[in-house]
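Q: Sharing a structure below in structure tokens format, with a few things to ask.
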Amino acid sequence: MSGGSADYSRDHGGPEGMEPDGVIESNWNEIVDNFDDMNLKESLLRGIYAYGFEKPSAIQQRAIIPCIKGYDVIAQAQSGTGKTATFAISILQQLEIDLKETQALVLAPTRELAQQIQKVILALGDYMGATCHACIGGTNVRNEMQKLQAEAPHIVVGTPGRVFDMLNRRYLSPKWIKMFVLDEADEMLSRGFKDQIYEIFQKLSTNIQVVLLSATMPMDVLEVTKKFMREPIRILVKKEELTLEGIKQFYINVEREEWKLDTLCDLYETLTITQAVIFLNTRRKVDWLTEKMHARDFTVSALHGDMDQKERDVIMREFRSGSSRVLITTDLLARGIDVQQVSLVINYDLPTNRENYIHRIGRGGRFGRKGVAINFVTEEDKRILRDIETFYNTTVEEMPMNVADLI
């Protein structure tokens, strides 16, 4: 495949279309700010609105159209911008629903993200009758083979190792796959999946449409775009376009760290009006807080990276279904949680780096869905909060007494 427009330029040693600091320049200016104007199938539109989307996010306004038109697309966007739905909608629009063959393949760096993408695709494609299978490690290979052989799902989403394995053993046929999506490409490459990704490309048709999404654009990501993409459309969603819109942000002054627990317990009634996610900075603290809350007879569930896959799945299932209402977790899993009903996020600890702030609270009010974020702030935290306000050009106000009315 020709590398398209990414030839190296002399000025700053980076590929053309790149600024020196690893940010791509957009070469596509068309913006469609309404799902109704995208010429989507009626059944897909129903799925989009039923899912709770009202208007497209910045990346959706820009990237859905070129994806649907069949262009190769590179989109630089953080998580929390609505990128999953961007490629989910693009895939679903291009599906031939009566063709019972796999027509799109999506790669993601982690099992959680792959399962999350699968859920979004199934929800958006619900009225179309689209089928989607998650092909991930940590599950039974034999079951997977039987599943893929029994009926080919329209869409396969998975982690590179397992997807390559299924292609290699010919349980997953590349014959009808016309769209290949790499989500969080920077993450996949930094986790050492480069060889598998290259091998997967070798097994796919040479004129396949490639859509690559990445928060950052390091050399190894650019190498993939240069090698496997043809004259790609480049779309950059800048930080300030990440949405804090519609999210009311508050802080509560908590004089001392040890008083946070009582503050949280006082808020508990408010939390359970809907569903809430509480973020802490360490796994140990997640366990500690969960125990303390249980000891006081509050119902909460906890999720962190030390738990095994089965346990994590059960907890997420309970939370998604609404049978558990308060989830305590760490940043590690912030990216894997996108639950419709979450309209309240509590930062028990402020995030250690400011980028994570949007990953956490971007959950609460995505895409026109409103949300409330409450930050617990000690004396030492005030500087961090000011830093966050400056970084996102936003204001965090003291929490009013009637916060329950806002949720």
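Just so you know, glycine gets a Cβ as well, placed from its N, Cα and C.
Owing to the predicted nature of the structure, the values given are computational and were not obtained by experimental measurement.
Swiss-Prot lists these features:
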| type | residues | note |
| --- | --- | --- |
| REGION | 1-23 | region 'Disordered' |
| MOTIF | 33-61 | motif 'Q motif' |
| DOMAIN | 64-235 | domain 'Helicase ATP-binding' |
| BINDING | Ala77, Gln78, Ser79, Gly80, Thr81, Gly82, Lys83, Thr84 | ATP binding site |
| MOTIF | 183-186 | motif 'DEAD box' |
| DOMAIN | 246-407 | domain 'Helicase C-terminal' |
Q: Check the DSSP secondary structure of Thr84 (ATP binding site), expressed as helix, strand or coil.
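A: Looking at the DSSP assignment, Thr84 (ATP binding site) belongs to a helix.
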Q: For the motif 'DEAD box' (183-186), find every same-chain residue at least 6 residues outside the stretch whose CB is under 8 Å from a CB in it, and list them.
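A: Apart from its flanks, the motif 'DEAD box' (183-186) reaches 79, 83-84, 87, 106-109, 113, 117, 212-218, 221, 224.
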Q: So how many of the residues in the motif 'Q motif' (33-61) end up helix, strand or coil by DSSP?
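A: The composition, in the requested order, is 17 helix, 0 strand, 12 coil.
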Q: Using a 10 Å radius around its CB, how many other CB atoms surround Lys83 (ATP binding site)?
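A: Other Cβ atoms found within 10 Å: 26.
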Q: Please identify, from the binding-site residues Gln78, Thr81, the residue with the sparsest Cβ neighbourhood, meaning fewest other Cβ atoms within 10 angstroms.
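A: Least crowded of the binding-site residues Gln78, Thr81, by Cβ count within 10 Å, is Gln78.
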Q: Under 8 Å Cβ-Cβ from Ala77 (ATP binding site), six or more apart in the same chain: what's there?
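A: Result: Ile59, Lys83, Leu213, Ala215, Ile235, Leu236, Val237.
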Q: As a quick check of your reading of DSSP, tell me how many residues in the motif 'DEAD box' (183-186) are helical, how many are strand and how many are coil.
A: 2 helix, 0 strand, 2 coil
